[in-house]
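Per TrEMBL, these features apply:
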- B:His49: active site (ACT_SITE)
- B:His95: active site, proton acceptor (ACT_SITE)
- B:Tyr52, B:Lys91, B:Asp492, B:Gly529: ATP binding site (BINDING)
- B:Glu93, B:Asn530: Mg(2+) 1 binding site (BINDING)
- B:Ser94, B:His95, B:Asn96, B:His97, B:Arg116, B:Gln240, B:Glu312, B:Ser313, B:Gln314, B:Ser532: substrate binding site (BINDING)
- B:Asp117, B:Asp268: Mg(2+) 2 binding site (BINDING)
- B:14-53: domain 'Phosphoribosylformylglycinamidine synthase linker' (DOMAIN)
- B:74-189: domain 'PurM-like N-terminal' (DOMAIN)
- B:202-356: domain 'PurM-like C-terminal' (DOMAIN)
- B:435-547: domain 'PurM-like N-terminal' (DOMAIN)
- B:576-706: domain 'PurM-like C-terminal' (DOMAIN)
Amino acid sequence: MKAGIVVFPGTNRERDMAIALRRAAGTEPAMLWHRDTELPALDLVVLPGGFSHGDYLRSGAMAAHAPIMSAVRDFAARGGYVLGVCNGFQILTEAEMLPGALLRNAGMRFLSQDCHLRVERDDTPFTRGWREGDVFRAPMAHGDGNYVASEEELDRLEGEGQVAFRYSRADGGLADDANPNGSARAIAGVFSADRRVCGLMPHPEDLVDPLMGGEDGKPLFDGLVESFR
Amino acid sequence: MTTPARPVDGALAREFGLSAEEWDRVLGIIGRTPSLTELGIFSVMWSEHCSYKSSRVWLKTLPTEAPWVIHGPGENAGVVDIGEGLAAIFKMESHNHPSFIEPYQGAATGVGGILRDVFTMGARPVANLNALRFGSSDNPNTRRIVDGVVRGVGGYGNCVGVPTVGGEINFHPSYDGNPLVNAMTVGVARQDRIFLSAAAGIGNPVVYVGSKTGRDGIHGATMASAEFGEDADAKRPTVQVGDPFVEKLLIEACLELMATDAIVAIQDMGAAGLTSSSVEMAGKGGVGIELDLDSVPQRERGMTAYEMMLSESQERMLIVIRPDRTEQARAIFDKWELDFAVVGHLTDTGHIVVRHQGRTEADIPLAPLADQAPLYRRPVAPTPAPAPLGPLTDPVGIEGALIRLIGCADLASRAWVWNQYDSTVGGQTVRRPGGADAAVVQVDGTRLGLALTTDCTPRYVAADARTGGAQAVAEAWRNLTAVGARPLAVTDNLNFANPEKPEVMGQFADAITGMGEACRALDFPVVSGNVSLYNETRKPDGTTVGILPTPAIGGLGVLEDASRAVGLALRPDLDLVLLGRTDGALGQSLWLREVHGREDGPPPPLDLAAERRTGDFVRARIGEGTVVACHDVSDGGVLVAVAEMAMAGDVGCRLDVPPSGLAPYAFWFGEDQGRYLLAVTDGAALIEAARRANIEARLLGRSGGDGLTLPSGATISVPRLKTANEAFFPALMDR
């Protein structure tokens, strides 16, 4: 798998993502600069976590207009796969490559804790490493992760299978106390309509090594590697 | 507030914090009436904050050397050898005064400042920690300050992408008007790529990089060198405003530049900004420096030389650069969209000369500015020895006391705080906050683990500063040992009240004496540090309240294999063994405070030889892989430590009867030092080995079930413990 990681000013989880991709793929991902206007030959583009441009306007809003985003958009339109994690997810919604928006957490505080995610479908390159209904643990670390969309949009996303992950209890049950940021319908991650673009708030890339507390996030990366073998 | 339109004279000097004697000394050095800019430079360089004039004579007594120490105090941060050609670079620094005036920005810029001290030496920051002290939880102001400080620490650290992996928090009424925010950063660099601050090369350009200079923080260092009165709010303009996004860019740009050979010397602009960085860099290099302030990137119009020299605008660095590399360096800062300006050059005059708009605003000889800086051996008065406790009763029983203790302000779960700090960014966090006695971070690309902790027990220091100072060092050493690390060195952050009071200076001197004794006994030298004095508030009636003496210790240790680190979470079906001697020391204990409402008696004594023997034994057992979990016994005593292990692992334990001769409450809640709890599969073998090593050891119980079963037969379920433990912060903050 040939993967590239986009670095914006303020991106800070690019090294974490590189570690996870390297562990799964055995090859070094390319680091891409936000001012680049062309992408090298790639299977996957990743927008990692951080505070692009300080998140000073709205999280991800400035980065969504970076020069490289035109190339990323073209890449996706031509059939490439794009993963956005945390700030990367925010950028993809701001760029309207994914539906919905991410608002301030319901409790109005930054949240850094492990959460449980339930896999909503397993027939995509992003989720094929799990079975539908599987639950895995992932660290979350964000202030703006409260997923919102209109009721009609949410109905449509659910109807068309665009929900990728939901916050859940360890047993897979949904509950308010298992939805730490108050996301609509407990949505933690979504797909684009063609399921080539996926965004999620928590950080599977920070849980790929038993030494760091577990390998719960590894199936995401293993699944991607399988898809591009 | 900015530029006073007044003649420069002794009265103005007094307002700037200089004494009459210091003003005379300024006149002697300059040989004429100084300009306002010159007075500003003298006043900040000779402030307590920058000159350490009250503390230097004592700091010199601390041990600072060991074979693994690469750079001790005197550089921007301490540097130690961690193996594989790598160095850990670390320091802790206070931002107390700003955090009272403006908690969010005070704490945020505290984190930003200490990060710069570390990456200015060439290290990528890999972990942040902190040591926080707040006023009484009953004080209505405390909630606002906790909220602002925690948001500020998180807001800055989370954005720059450095994990906040550990820290400590105490509450006490003595901090009502003076919260303490001590921030620590740890970075890693190659030993052959460490950057220092001594300028060299006459004619070499002096480059300014980072944020533009504004009018924020003018005279912050002077503010931090005086007590607070009722006018604290009027000092808000002296607080700096941080921008963690720019800091992140600055880290990346500086590290990119540091991979080249362009840099001769580099220093961050911290307290006293452009003044202290230029004066210190030139002074250390024995050269002169000439600054052209017209070239300084400015955020506001019409700034005077005085304002620019004293501004504490954040996220700025000063670099002496090789002239033939200037354009290469400029391109790097352009890429990161940061200001880059040549603002001066090095000279052979030995003076700092400041020019602005065609005028010479300052011309000061550097040698006397440093050599004739005031140095005080202030009078000390001994702290009276605490009276013994006398007979005690057990009014609430063991079970009642345990529930009360684990729910009290100083022992309650800190998860509410940690959950606002990103502890995993970087992907190297092996032990997160609360999971072990010390945080453990793997060094990227190696198997090495860094163990990190911050520690101090201020109530011990207040009762007996020498014992308390030693205890702070010993506890840091113990916490590093308890995860299996080899303790290497400490950074200290010495927070005290007004040093002009002999009893406060007595606390300071005694605490340093105790720290030095412990550092020597444990081969645990001090490699960096910071002093914060005048943590004292004047009340409307004219009396003052000083903080408890708080010499916070930041400890760093190394594990050759990070996967060998152990946490404190108990697992089922293990023997729980207590190592170290138990005498039931209840003076200054939390049991005494929470059960009897008393804060008196002597602190528990330290036996540094036993401390070392026991710690070395524990580390060896962890190294050989026979220890499943380990936790040192500190605040609250043995039963609190057992409860903490049980809560962390969601596993209960059946406990044995205490030895005869000790009251049960003294055994379970005494805070005797130098003790550890180890969970192992074969307790008998461990006890036998301990006895052979001349270490007291006893089987305390066997893990299993879902509750703590006391010798009386009473069982306290782990969920009940957790409910009691987790209530405090949400009740204080989310009400």
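Using the three backbone atoms N, Cα and C, a Cβ is placed for every residue, glycine included.
Annotations in TrEMBL come from automatic prediction, not curation.
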Problem set entry | Extent of the ATP binding site in Å [max Cα distance among B:Tyr52, B:Lys91, B:Asp492, B:Gly529] | 16
Seminar exercise, completed: Whole-number Å distance separating the Cα atoms of B:Asp492 (ATP binding site) and B:His95 (active site, proton acceptor) is 14
Problem set entry | Interface-richest range of B:74-189, B:202-356, B:576-706 toward the domain 'PurM-like N-terminal' (B:435-547), CB pairs under 8 Å | B:74-189
Problem set entry | Nonlocal neighbours by CB distance (under 8 Å) for B:Tyr52 (ATP binding site), same chain, sequence gap 6 or more | B:Leu59, B:Val531
For this session: Identify, in sequence order, the residues in the chain of B:Ser94 (substrate binding site) that are 6 or more apart from it along the sequence and have a CB within less than 8 Å of its CB; answer 'none' if there are none.
Result: B:Gly110, B:Leu180, B:Val181, B:Asn182, B:Ala183, B:Asn493, B:Asn495, B:Asn530, B:Ser532
Problem set entry | In sequence order, the binding-site residues (B:Glu93, B:Asn96, B:Arg116, B:Gly529) whose C-alpha falls within 10 A of B:Asp268 (Mg(2+) 2 binding site) | B:Arg116
Exercise. What stretch in B:14-53, B:202-356, B:576-706 has the biggest tally of Cβ pairs under 8 Å against the domain 'PurM-like N-terminal' (B:74-189)?
Worked result: B:202-356
For this session: Measure from the CA atom of B:Asp117 (Mg(2+) 2 binding site) to the CA atom of B:Asn96 (substrate binding site) and give the result in Å, rounded to a whole number.
Result: 17
For this session: Pull out the recorded positions from the set B:Lys91, B:His95, B:Glu312 whose C-alpha sits within 10 Å of the C-alpha of B:Asp117 (Mg(2+) 2 binding site).
Result: B:Lys91
Problem set entry | Env. residues of ATP site, Cβ within 8 Å of mean position of B:Tyr52, B:Lys91, B:Asp492, B:Gly529 Cβ | B:Leu59, B:Pro73, B:Met92, B:Glu93, B:Thr491, B:Asn493, B:Leu494, B:Val526, B:Ser528, B:Asn530, B:Val531
Exercise. Can you tell me how far the Cα of B:His49 (active site) sits from the Cα of B:Gly529 (ATP binding site), in Å?
Worked result: 12
Exercise. How many of the residues that make up the domain 'PurM-like N-terminal' (B:74-189) does DSSP mark as helix, as strand and as coil?
Worked result: 47 helix, 45 strand, 24 coil
Seminar exercise, completed: Within the same chain, the residues at least 6 apart in sequence whose Cβ is under 8 angstroms from that of B:Lys91 (ATP binding site) are B:Asn76, B:Ala77, B:Gly78, B:Ile114, B:Asp117, B:Val118, B:Met184, B:Thr185, B:Thr491, B:Ser528, B:Gly529, B:Asn530, B:Gly554
Exercise. What is the separation, in Å, between the Cα atoms of B:Glu312 (substrate binding site) and B:Glu93 (Mg(2+) 1 binding site)?
Worked result: 16
Exercise. For B:His95 (active site, proton acceptor), what residues in its own chain, 6 or more apart in sequence, show a Cβ-Cβ distance under 8 Å?
Worked result: B:Gly106, B:Ala107, B:Thr109, B:Gly110, B:Gly113, B:Val181, B:Asn182, B:Ala183
Exercise. Under DSSP, the domain 'PurM-like N-terminal' (B:435-547) has how many residues in helix, strand and coil?
Worked result: 44 helix, 34 strand, 35 coil
